[in-house]
Amino acid sequence: MAMESALTSTRVSIPSLCSGISSSHHHHRSLSFLNFPKLSSFKYSFRTISPVPFVVSASSVSPSSPSTSVAQSQDLKIKSVPTKPIEGQKTGTSGLRKKVKVFMQDNYLANWIQALFNSLPLEDYKNGLLVLGGDGRYFNREAAQIIIKIAAGNGVGKILVGKDGILSTQAVSAVIRKREANGGFIMSASHNPGGPEYDWGIKFNYSSGQPAPESITDKIYGNTLSISEIKIADIPDVDLSQLGVTKYGNFSVEVVDPVADYLELMENVFDFSLIRSLVSRPDFRFVFDAMHAVTGAYAKPIFVDKLGASLESIANGVPLEDFGHGHPDPNLTYAEDLVNILYGENGPDFGAASDGDGDRNMILGRSFFVTPSDSVAIIAAQCQYAIHYFQSGPKGLARSMPTSGSLDRVAQKLNLPFFEVPTGWKFFGNLMDAGKLSICGEESFGTGSDHIREKDGIWAVLAWLSILAYRNKDKKSGEKLVSVADVVKDHWATYGRNFFSRYDYEECESEGANNMIEYLRDLISKSKAGDKYGSYSLDFADDFAYTDPVDGSVASKQGVRFVFSDGSRIIFRLSGTGSAGATVRIYIEQFEPDVSKHDMDAQIALKPLIDLALSVSKLKDFTGREKPTVIT
């Protein structure tokens, strides 16, 4: 298939209007296929950060505050460090994300960690077990020591931390659930760039493995405004490069293999022998791009050692503090090198990538891109046959509101409960905990199931490999294999195609972006069914609100929607997952049941709606932007 007809996304350069991120940081690096050390010797190098914002060791507590001993338990001396509130620590369910230099300010991270403990009931951590890990980005090493010492100072019994501080977001969730931990810290800014000039983040997950709810994140923020002391254990830095247990009085730190628990879970979810039957075939080739991010630590043990892929199939497989000067966001812009390989002459049969902390994924076939909206729908439609974990069928399906309606049609055909929720994985987690939901996804390259309480990039890759393996299990050597494109087109023929695109305008000036959303809210307040927008007739327009069927909580102002009589949709949202500015996202969708039109390029099929979206929103007037940063 020609690239023009198969590729439902367009790659565009970051405009010079984007501020705060230098163009040199976002150059498209060549894929590097590297030899891997054994996991037991796996380690990556750190640069030294100076100055350290909150030096805590046996000989010093803080460069900025005097301290006093307030408690001593056996060999564990607890110190109280006076502090003052620091502005700008508003916390969401994705935690707190800022530039590294912000977190390096005196007591900035320490204040937030202490505010978290001040927000939790004592029984949620006292003498309990907490998990700690991250994506390997710059500042994680120093942050891990701060977190360990403050946890000890607040009475935590044990910290379980991944070797070298490495644990993917989904592995943290899996470890929390398997070890019945009280919760866990994740050191990551997800898909945002890493390095001294870029982003860092921290979030807390609860005992279900789910991100802390707003009731807790709001308390954390409130406590950052009134904090006056930090409780910290006077212990030396813990060596995170060696597996094993270190004890300080009644507090201990266990350094664990970051892969073991997660790999065990994946082997319980999927039929690895089925996947191996495909991956080890000489006529099947695939590439997994770890983008020099956390899944590099998982790729070889899973894809090579367990499933029989060649070592050369893993690209950018060594986690680096700055992600190899790349932007670890698996889309058609930032994973362009992988895209070029799949669209190149004699490209591999299957390609995939994951992001900084491993929770996002991108799926590609030879000269074919699978939209995240289609991906989750296809996994849901095929899971009962191809994935061992779902052999009794899924309990229910759900998607975020901006995600296309592909999944809705699967739920309808399979007669399954279906939920449309705001953007944010926590909304899925509530439904999972209530036993109402098995498979869910977001158009922002997030896919997952109730095996954990986070989206899971490697899970999605294994799900697709399972589907391909199942569809090809009876194919003899030399027979043409069922391809990714075949699977997707078969799905479209059965369910229809939802043409879908997302325009991202990154790091816009916040005032203009907010003014645009307010303008749209005013516009929809005056709208009514039957209003004409060019050739489109309005069904309804609203600002999406959601009442959680589990706990009754209400989330309002979740995105401005224009839904037309033919089912087409235009949605406008501001995203808050960056560390600076605002990202304006526009979502455009149109359903097409006619198989003869399914091979159209999405940008061509959607052009009338795209033009309407830009016109209605007056985006250029409000933001000054001529072109989007990324088109998906």
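Keep in mind that glycine also has a Cβ here, set from the backbone N, Cα and C atoms.
As annotated by Swiss-Prot, alpha-D-glucose 1,6-bisphosphate binding site applies to Arg97, Ser190, Asp359, Arg360, Thr423, Glu442, Ser444, Lys455, with the evidence given as similarity to another entry. The Mg(2+) binding site annotation in Swiss-Prot covers Ser190, Asp355, Asp357, Asp359 and rests on similarity to another entry. Summarising the annotation, Swiss-Prot assigns phosphoserine to Ser190. Residues annotated as transit peptide in Swiss-Prot, with sequence analysis given as evidence: 1-72.
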Candidates Ser190, Thr423, Glu442, Ser444 (binding-site residues) - the one closest to Asp355 (Mg(2+) binding site) by CA: Ser190
Position of peak Cβ density within 10 Å, selected from the binding-site residues Ser190, Thr423, Ser444: Ser190
Neighbour count (Cβ, 10 Å) for Asp357 (Mg(2+) binding site): 32
Among Arg97, Arg360, Lys455 [binding-site residues], residue with fewest other Cβ within 10 Å: Arg97
Long-range Cβ environment of Asp359 (alpha-D-glucose 1,6-bisphosphate binding site), under 8 Å and at least 6 residues apart: Ser168, Thr169, Gln170, Ser190, Gly446, Gly448, Glu454, Lys455, Asp456, Gly457
Local backbone state of Thr423 (alpha-D-glucose 1,6-bisphosphate binding site), from DSSP in three classes: coil
Fewest other Cβ within 10 angstroms of its own Cβ, chosen from the binding-site residues Asp355, Glu442: Glu442
Alpha-carbon distance [Asp357 (Mg(2+) binding site); Glu442 (alpha-D-glucose 1,6-bisphosphate binding site)] in Å: 16
Cβ within 8 Å of the mean position of the Cβ atoms of Ser190, Asp355, Asp357, Asp359: remaining residues of the chain near Mg(2+): Asp135, Ser168, Thr169, Ser188, His191, Ala293, Val294, Pro328, Ser354, Gly356, Gly358, Arg360, Gly457
